[in-house]
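Below is one structure, written out as structure tokens; comments come after it.
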Amino acid sequence: SLPAKLINGGIAGLIGVTCVFPIDLAKTRLQNQQNGQRMYTSLSDCLIKTIRSEGYFGMYRGAAVNLTLVTPEKAIKLAANDFFRHHFSKDGKKLTLMKEMLAGCGAGTCQVIVTTPMEMLKIQLQDAGRIAAQKKLMAAQAQLSSSPAAGAAEPVVETRTTATQITRELLRSKGIAGLYKGLGATLLRDVPFSIVYFPLFANLNKLGQKDPNVKAPFYVSFLSGCVAGSTAAVAVNPCDVIKTRLQSLQRGVNEDTYSGILDCTKKIWQKEGPTAFFKGAYCRALVIAPLFGIAQVVYFIGIAEFLLDMLPKPQA
């Protein structure tokens, strides 16, 4: 049932995000740093420096936004894919690869209603620590290079903002469109992701089915979700880099600003080279693989069906 699909998708999203959020934070910071202003050299370096400067909970900056909105996002994504697959198979025929891809396309298109503002807010909070650390480093370097007579420089103090404050400011200054900055880039990432992910998962999962009418074992669903998720994540990573750059409202010292998808693509290619489009690709694969593996296992177990069965039934 649709309520069961929505609940399953929501639970899967909450569990998955909680497990992999620190890696997602590292991915955002690695993707946003530009040549000449690098604060981090790798995933592990980013996490270590984040813990040292911001504490353990610094790795979860922006998690509240994600945990709040990932439930409707994952619910819409998984339920929409099931809806389109069911619609395309009404004639009783086996789904062709093209129809599976169209179902994934529909799911990816539907989810951006929630994904775009969620990613927009999450990125501001995730990247704030990188920008603050960069300013502190620049201030320290300036102090060392200045003469002793100039006196000590003013310490750089990070002013922490919340998702609510960012939302209010965007709504006040730009209206609802402010929360949907980068919508085109989000569609450019999520639609191809779903086109690749859902058919690949469905076909990998079928390999573990001994009988077409019996579900594949849960470990097959988990591994299929991991493989399909990581493959799709790496395939669309260039679009994810562009989306992250476009949705960042604040820039570090001497970092470029972008007017749109084409301008962003051109500047990254010219100034950072083609390899820049795969920044954070392995981080994204590490995030998406368990996230969708867990999602498919939750779907397999059917937690929602169990919860709905416990509700009191109306009397006849």
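A Cβ is built for glycine as well, from the same backbone N, Cα and C atoms used for every other residue.
What TrEMBL lists as repeat 'Solcar' is 4-87, 95-207, 216-305. According to TrEMBL, the transmembrane segment annotation covers 285-308.
In the repeat 'Solcar' (4-87), the DSSP tally of helix, strand and coil residues is 71 helix, 0 strand, 13 coil. Here the repeat 'Solcar' (4-87) returns a mean pLDDT of 84 for the predicted model.
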